[in-house]
Structure formats: C-alpha cells, structure tokens
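Taken from TrEMBL, the feature transmembrane segment applies to 26-52, 72-90, 99-117, 123-145, 157-179, 185-207, 346-365, 455-481, 493-514, 526-544. Annotated domain 'Major facilitator superfamily (MFS) profile' per TrEMBL: 30-548, in sequence order.
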Amino acid sequence: MVEGGIHKADKSEFVECLRLSWTKPYILRLAFSAGIGGFLFGYDTGVISGALLYIRDEFPSVQKSTTLQETIVSMAIAGAIIGAALGGWINDSFGRKKSILISDLNFILGAIVMAVAPSPSIIIVGRVLVGLGVGIASMTAPLYISEASPTKIRGALVATNGLLITSGQFLAYLINLAFTRAHGTWRWMLGVAALPAIVQFLLLWFLPESPRWLYRKGRKEEAREILQKIYGAEEVKQEEEALAASIADEIAEEGSVGAGNLFTRVKSAWSNPGVRKGLVAGIGCQVAQQFVGINTVMYYSPTIVQLAGYASNSTAMALSLITSGLNAVGTIISMCFVDKYGRRKLLLISMVGIIVCLYSLYAAFEVAANRAPSVNQVDTIHFGNNTMCPTYLNAPNPSKWSCVTCLSASPDCGFCANQGNTLQPGACLALDSNSKKACGRERRQWYTQGCPSNIGWLALIFLASYIISYAPGMGTVPWIVNSEIYPLRHRGICGGMAAMANWISNLIVSQSFLSLTKAVGSSWTFFIFASVSIFAFVFIIFFVPETKGVALEEIEDKLNKQRWVVCCAGRSSDTPKV
C-alpha cells in the first residue's frame, strides 16, 4: 500500500471495493492472488479438525493419547512459529512475492508427506512442513495486500485475506464431509491441500513485487509502473513523492537502506518509542486473538461437538460446518464495517460478545456434566470381562461412576450409551475396536470424547454465537492493525515478531486444550478462556490505537505523539490517549 492523506469516507469500503472491481480490477486480482495464502492458512486449520477423528480411528496410539492428538495438531503451529520468525527477514531481504512463493513450496511438500504417511510420526513431519509455509504466508499475505492498496480501501482489502482464511476453513469442512466414506479418508483430506498452493504459485509468478518494497530497494522505475496500475495518472506523482520522502527519512535514521543484521533490527525496532508502542499494540492483539480460545474451536471443532454429546464423526463434522460458515459470514461483516466504524470499536464489540458466549459455554457444559448418565454395573458386566474398562473394573466404588468419570478416569475407557434412551445408565468399556463393535452390534452409541446430553444443542448455539462475535472483530482486525501500525523500515521485522507471537500463543492453546479438558473438564476450560478474555478487553481499551483512515507514515507520527499507560519506560503515570 502507498502513502496518502487521511481518507474520510462516507460509505463502506466494501462498496468502494466493488466499484474498483470494475474501474481498477488489477488491485483486486493482486489482492486475491496473494490472499490465497490466507486460504491455505484457513484450510489447514479446518482440515485437521476433521482428519483428526479418522487418524484416531486408524492409529490406536493416537486414540489413547491426548498428548499425541495435540502434537499432530500443534506441530503445524510449531512450524509456523519458525516460518513467522524467518518471515520478517525473508520479506525484507527478498521481497513479499518471493516469500509467498517459498511458503507455497513448503505447503505442497508438506501436504504430499501427510497424504502418504505410514505412521503418526510422519504425519507430524508433514505438519511441520505445512506449518513453515503457513507461518510465512500468515504475515506476508496481509502485508503484500496492504502495500498494494490505496489508503481508502486498505482495511477492506486486507480483510479479504481474513475472508479467504474463513473460506478455506469452510471448504475444508466440506471436503472432510466429502471424503468420510472414501477409502483413505484423512489422507485425501490432507493431501488435497497441495492444490490451492499450486494455484497460488502459478498466479503469483506473473504478478509484480510490492511497490513499497521495490522503492525501498531503489528500484524506482519498477515501483512507478506498479503505482500507475493502482492509482490514476494525477495521483501517481503525489504518491511517489510521499514514498521518496519517507525513504529519505529512513535512510537518514538508519545510515543506509537495509542496514543491520536481524538482531540489530529487532533492537532498533524496540528502541524506537513510536515503533515500540506499535509493537505493544500489534503483538498484544495477536496474543489476545489466540488466548480468547478461537483455535480450540477451529482445530477441535468436531471434537467440541462430540464433547457436547454428539458421538458420530460425520454428525460432528456436519455440525462443525455451521460454525465455519458463521465464521465466513462474520468476516464479511468485518469487510463491510472495518473502515466505516474503525478497528478499535470492532475489537471492543467483538470482545464483549466473546466474553458473554464463553461464560455461557461454561454454564452449558457444567450443567451437561452434572446431568451425565451413570454407569450401570450390570450393563457393563454383560459385555464380558474382556471388554470392560480395566480402570472401572478395579475401582473401589464403581457404583458412583458416571459417563464423565468413565471418560476422564483413564484414557483406556469409552462409554456405551443405553440402547433405548442415551440419558439412561450405560456401560463403561475398554477403549478399543472390539468394544466399539460390541456396542455397535446392539445399536448403541459409542462415546469417547463427551457424554450423552439433552442440552447439547444449547452448547452449539453458544458456540455459534461465539464464532459470530469473534469473526468480525478479533478474527480479522489484529491482522489489519499489524499491516498498518509499523513504519516501512520496520514493517517486515515487526510483522514477523507479531506473527511469531500469534503462533506461539496458538501453540500454547492448541497443545493444551485437550489436556485441559481432561484435567479440569470442558466447562472449566471455557471458564478459563472467558476470564482471560476480560484481560484482553482491558488491554485493547488502553493500548490499541485507532488507525482508521490514517496513512501509514502518519500512523508513526501519531504513535510518537501519543502517551499511553505502559507503552514507554518511565511513563507509567501517563493516561491513555486513544
């Protein structure tokens, strides 16, 4: 994106985007091509949630180990952390375009490795490779889009990256459903991911580099040619002059274009008061985005549906499709209003909805747990000693066991619901294929994640409300803020640090969610996320500025002039000015 004055729009930027699709189709073509990186990000998030159900069925070691399940999910995030850490340096050194091409190659290779994996360990290797690509793309795609967008529509165009993320998630659930009866199920689900990466690689090969990056590297003629495709003839000279002025300031500050190694540049960014304020806001938004619990929903959505009392894999994935669709709807809402009402207001409204919904989920799961059907000892014994759960068999007081006790007491137990009424007492059996078949032969439901419940529908309503609250604000705005809030000379490295913070937070949440539900129960897990969300809400109030309609170089000036509570050393007594 290039410089310009503050644009005081009197209508939605989304409408302006539709107008430009006719007058300046090049801008939207570029944004869409780069945004496929966001689509890949979303597809990986959605596809593993469904594939995990069938990976559990194929590998008993995965079924019995929540840690191994979490590792299969989270190793992509670990790879993304490395990708995001390297992404800032790759972006600043080689450009936005080449960075996205590198991410595509990683994604293609990782998808192929997962599709042919003979064991869980090889699946994990493929997940790491995919993660490397996702980590680079997660910070590069919105950066590339923002640098090739006019100021007046940059928020809406960067939000298209968010829309493509949610579209990728939605398509992943559809593909998961399509392959539920296919031979190889999860292999097809994970392998198909190579196709959009190949498409993006081919499209980007014929698109230009970011005009900002080119100008920064002294390739002014190339940058001017691209500016002419983005702006009208009367605006190009003004935009080029603004670029030249900002580059001159940067050279004066740094000594030379691109000077300094990685550690020097990180230190330089944190040493600058204005940039430091931007980093506090940008990194804080990214961390908050994860710790409100969104990727527990996206990575484990079918599992959460099963926790709510729906045992069937296909039913769980079908219901998860609803939440994914609502996520896409929420992102469209963001595109329509992010530049009309501002980033900060959307964040705060979004957080209020998130907090209410998470506390409601806590209440719903707590009531469901208290109403869980008990374990009937006679019913359990009639299946035979070979199928009984060994922990239940040796329990000192099995008459007090419920379905919740059966599933939480040991990773080796499953619950076979009552044949006539799933809410009546059932059997606690060993978690293996023989027990599952024995339960199925009597036309009974087999539960391994959650227990039968007559209020599971209520939990799903709160889950859907959580998604529709999250998507318009916390879903897209943190990425928009991070694409805008840093000056050009620090944008790559700061964007990399913020993306890395996002992925580290993502890793912590995804690697601990299933273990947390086993340790404290599903209800208290959502209670913890709700409580953390209150702290995130307070953080946004004090430390996240409004960047609506402000040109990128003017944002740095605004940050330098503002005095916030703890953004700068020695200014803790200052009051926030937002």
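Yeah, the Cβs are placed from backbone N, Cα and C, and that goes for glycine too.
Remember, TrEMBL labels are computer predictions, not curated facts.
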Need a quick answer: max count of Cβ pairs under 8 Å to the transmembrane segment (99-117), which of 26-52, 72-90, 185-207, 493-514, 526-544 is it?
185-207
Can you tell me which recorded stretch out of 26-52, 123-145, 346-365, 455-481, 493-514 has the most Cβ pairs within less than 8 Å of the transmembrane segment (526-544)?
346-365
Mark yes when the transmembrane segment (72-90) and the transmembrane segment (493-514) have three or more Cβ pairs under 8 Å (sequence separation 6 or more) and no when they do not.
yes
Report, as numbers and ranges, every residue of the chain located at least six residues beyond the transmembrane segment (346-365) whose Cβ falls under 8 Å of a Cβ in that stretch; write 'none' if there are none.
285, 292-293, 307-308, 334, 337-338, 455, 458-459, 462-463, 465-466, 468-470, 472-475, 477-478, 521-524, 526-527, 529-530, 533-534, 536-537, 540-541, 544
Sequence-remote partners of the transmembrane segment (123-145) [C-beta within less than 8 Å, at least six residues beyond its ends]:
1, 30-31, 34-38, 40-41, 44, 48, 55, 71-73, 75-88, 90-91, 96-97, 99-100, 102-107, 109-115, 117, 154, 157-158, 160-161, 190, 193, 197, 210, 479-480, 482-483, 491-492, 495-496, 498-500, 502-503
Would you mind listing the long-range same-chain contacts of the transmembrane segment (185-207), meaning Cβ under 8 Å and 6+ residues beyond its ends?
29-30, 33-34, 36-37, 39-40, 43-44, 47-48, 50-52, 54-55, 58, 97, 100-101, 104-105, 107-108, 110-112, 114-117, 123, 126, 130, 133, 168, 172, 175-176, 179
Within the domain 'Major facilitator superfamily (MFS) profile' (30-548) only, compute the mean pLDDT.
83
